[in-house]
Amino acid sequence: MFHRSTPLGLSGPPRDRPAQARRYASLSPKVEARSEKFQARLETTRLDFQLRLAQALGDPSPLALAGIMVRSYRRYEPGPSFGTVCTATSNTLWTPDASSTTRGASSSRNTGAGRAYVGANEDVLAWDIKKGELLSRWQDRDNRSEVTALSQCAAQPDLVAAGYGDGSIRVWDALTGQIVVSFNGHRSAVTHLLFDGEGSRLASGSRDTDIIVWNLLSETAEFRLRGHKDQITGLVFLRTPVRRRQSPHTDEAVDVGAGGEAEEWEERYLLSTSKDALIKLWDLTAPHCVETHVAQTNGECWALGLSPDGEGCITAGNEGELKVWRIDLDTLAKLGGSLAGSGKKTDVLASQGTLQRQGRDRTIGVSFHPKQDYVSIHGSEKAVEIWRIRGGEEVHKHIQRKKRRRREKAAASGDIIAPELEAATDTPEVTDVFVPYVIVRTGGKTRSTCWAAQKGSKALQLMVSTTNNQLEMYTLTTYKAMQQKSPSTREAPDYSRALAVDLPGHRTDVRTLALSSDDRMLASASSGQLKIWNLRTQSCLRTLECGQALCSAFLPGDRIVLLGTKTGELEVWDIGTSTLIEAIPAHEGQAIWTLAVHPDGKSVVTGSADKSAKFWRFDVVEEEIPGTRRTTQRLKLTQTCQLKLADDILSLCFSPDQRLLAVATLDNTVKVFFTDSLKLFLTLYGHKLPVLNLSISSDSKVIATCSADKNVRIWGLDFGDCHKAFFAHNDSVMAVGFIPHPVERDEGRTLFSASKDGVLKSWDGEKFEQIQRLEGHKGEVWAMAVGRTGETVITASHDRSIRTWQLGDDLVFLEEEREKELEQQYESTLAANMDRDYLDEEGQQADADVAAAGKQTLATLTHGEKLIEALELGFADLDLMQTYTQAKVSNPNLAYPQRNPVFLALNNISADQHVLATLRKIPSPALNDALLVIPFSLLPPLFTFLGRFLQQGLQPELSWRVAYFLLQAHMQALVASGGLREVLGEVLEAYEGWLERERRVVGFNLAGLEIMGREVREGEVGVEGFVGGDEGREEEMGKGKGGRKRGFGNVA
């Protein structure tokens, strides 16, 4: 006979139990191994018997073969995520309301505060700042990387570019929420994006130290700029004037202006800064670096801001240092109009001086106001410094005051000011132009700022995104308004927090989650906030100010939420009235780490750092309403008993049959007590670090524990033996849970675990195998809640998001799931190796500032393999059909040849159509990288098809683009081999023929337009002359603004 409170084989007095437990633990692996082998043999024998029985009966029906079918599991898929306003990994954009930009009608007065585009982990969110509503969510199901940079196109405000952590870029259409084009060229996170003024090019900078210029019209990468040695921190296009001359050949459609008059602007230069403390000027026409300067004196450059007129910029670094630069646009314009390297005699960039911020932290953002003379500068603290730029007259007055004060001071001391010192005073310093205006104190550490320049608004409006998951809009009083109000005042300008988007998310990490009994409401609690969510709409129903919550639970009825705080208080909240019913000092200032409601719903137990577990009974008491004789019912918690232990209590759990209470303590063990007598039943040894959470299955037979040692263990509750211990995650496992009330019996042992590695996993608690690995969070997962029937699993993470994982329609088979994981690992390794080989080839030209922009990915590899397959099939079929055509001339009754079944399946298309269709399916940004996958031995078939495409006029632009790129990529090998001379000659001849045909079409169209324009002008002159128009009308007809003559002005 064994004692009831000891596991099997652990009899004897309590002092001997640890030694016996160690002896039992040393024997348990052998016993478990033998047991597993026996179970495997038994399972194999059973399946073999069922298979033989089914064959003997001759009944291969699903019912007969049910016993030999592989077990399947229901698949969990990512559901809606919520709780994120903005993340600290990306900047923020402000844009006016869509009503004033898309419809273009200004009849209705714009009363909104605009909208904000923010990065929210892997999604891009559009917020209505005034209403605090989520307008749209842009997400790509194939993307798992977080957004790291955003940029809006000025020419087409509906285009927003988003850079991601894996180096990819997606250009979104704000109206439809669809991807316009995708690029993938960087090998690490994109840090900066910028459209040019026309919206035809996009410049991107990354942590891989490279800058890539993308052509949005052709959807290709133009080139890669490689001069910097660290991550890119700023990019700016420079607008330079274009000077035109009168054409000697024609006077039509050519601008005629005064000599030297700047008529147009172009953006052929790019300014970049990097963490390597350098600022570089790049020429984008003939890509090369024009100038390089040291931007900061203290080691790193973290921000770049360009003035609205383009004639100056500010760079920022560590310790609050700001450097002001002057940009000589005239020198740039002359340099652009001359031969390369022959017109540059002076530096384009010239340092004007250094400013010092009040904050000494790293400056990460500099933003000029687009219409007024203000600059916002911020670091990573809770402040934004606003600087004002003085006008010319004000600077002159300031210098005169300085000179007067210096004279007065010299006269008082009897000194004489030297003439050269007096003359030097006339030149203004940078501190005379830029002056501090006001410091805006924000509600969190600042991540980015954006000026909100609304029409008709006289005040300054600044939008700030903070690292604590909120957006704020501040209104500031302008200097002009202050002068008009009180010219002699020296008070600090006023500012106020006008609007904010903060309700849809927590300010700090969510530490606890609790689901209602019907899985419709979710309670999430953090330090200072308790929020109630509607899971169907993902909307926040209540926001309550609470203490630093560590654990929570819905009480029976789902109207009251119980919170345990770090200060040892139990807070009872009525979510219907949003009131705090009672705050009970339960554990004398020690943190309440866990609480669990009894299965009968009549009591609750709390575990604390004071090494005690206290039991509380729910009582309903009558209370008088102050000032009246009426009474009302109120819930009251009454302590019934207390369980003292030797260590801090970290987790508690009741068994569903109400028989046992499991307690995890700080000594790495789990103690199981009888609920009624509180006597010790089992002690579970095995974890090497404290157990952080535990859960008991719905049949009350097994218990799962998770620990900071990254392991999950499954124990039997009959004898306390460890059924299985497996390495579950790469970091501390924070939560574990069985399905409380499974619908199917097989799901009773389905287990979920969440860890600080950001991954949620599901396990089979009977076979001890992993079912699914669910990735999505970008930070540590702190809390998890499993739905009543397992339909939904909720997780909360350090990335501020609350994610739902819902059952889908697909099934999971363990072997297929493992095969998919191996395939993904192999494919990622293969793509990485190919990209590394590509980098090694580029490494031979590492000293060059300009290189081709390419990156081998799994997508480009797949497209290249498909093209190789199409070339092999197509060239064989082309040879077959040409042979058949030649033979049919001499033998008209020749039978039609047997073609490859692939062509028959594609409606008997030709080889040309098959290869061309494969080429057209390759996305334009990935075409060059896909062509690099093709081996040199397949170039003759490919050039053969390209020549046929050009001769037949099938996608000639695409064909010539492919041919031109292959000539560039394989030039040395083509010259060395010499075997493709004939094929390349045919391609060139076909290209010249197509070009001549296109030239004729264009010439014909131009001639037709010229005749139509002449007829229109003659008709207008004749009509005006008949009705009495003036004779000078014809001359004025072709003149635009500034007296410039435009050909065909009235046709447009």
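Cβ coordinates are placed from backbone N, Cα and C, and glycine is handled just like the others.
Taken straight from TrEMBL:
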- 1041-1052: compositional bias 'Basic residues' (COMPBIAS)
- 912-1012: domain 'Small-subunit processome Utp12' (DOMAIN)
- 1-30: region 'Disordered' (REGION)
- 1027-1052: region 'Disordered' (REGION)
- 159-182: repeat 'WD' (REPEAT)
- 183-224: repeat 'WD' (REPEAT)
- 266-292: repeat 'WD' (REPEAT)
- 503-543: repeat 'WD' (REPEAT)
- 592-616: repeat 'WD' (REPEAT)
- 684-725: repeat 'WD' (REPEAT)
- 726-773: repeat 'WD' (REPEAT)
- 774-807: repeat 'WD' (REPEAT)
Any chance you could find the range in 159-182, 266-292, 503-543, 684-725 with the most Cβ pairs under 8 Å to the repeat 'WD' (774-807)?
503-543
Long-range environment of the repeat 'WD' (266-292) - Cβ separation under 8 angstroms, sequence gap at least 6:
196-198, 201, 203, 205, 209, 211, 213, 222-223, 225, 227-240, 242, 299-304, 306, 313, 315, 317, 325, 327, 332, 335-336, 340, 344, 347-349, 849-850
Mind checking which residues of the chain, 6+ beyond the ends of the repeat 'WD' (592-616), have their Cβ under 8 Å from one of its Cβ atoms?
550-553, 555-556, 562, 564-566, 568-570, 586, 637-658, 661, 663
Surrounding residues of the repeat 'WD' (684-725) on its own chain - C-beta under 8 Å, 6+ positions past either end:
7-8, 18, 21, 25, 28, 32, 650-651, 653-657, 659-660, 662, 664-672, 731-742, 748-749, 751, 753, 755, 763, 765, 768
Of the residues in the repeat 'WD' (774-807), how many are helix, strand and coil by DSSP?
0 helix, 20 strand, 14 coil
Under the DSSP assignment, what numbers of helix, strand and coil residues are found in the repeat 'WD' (159-182)?
0 helix, 17 strand, 7 coil
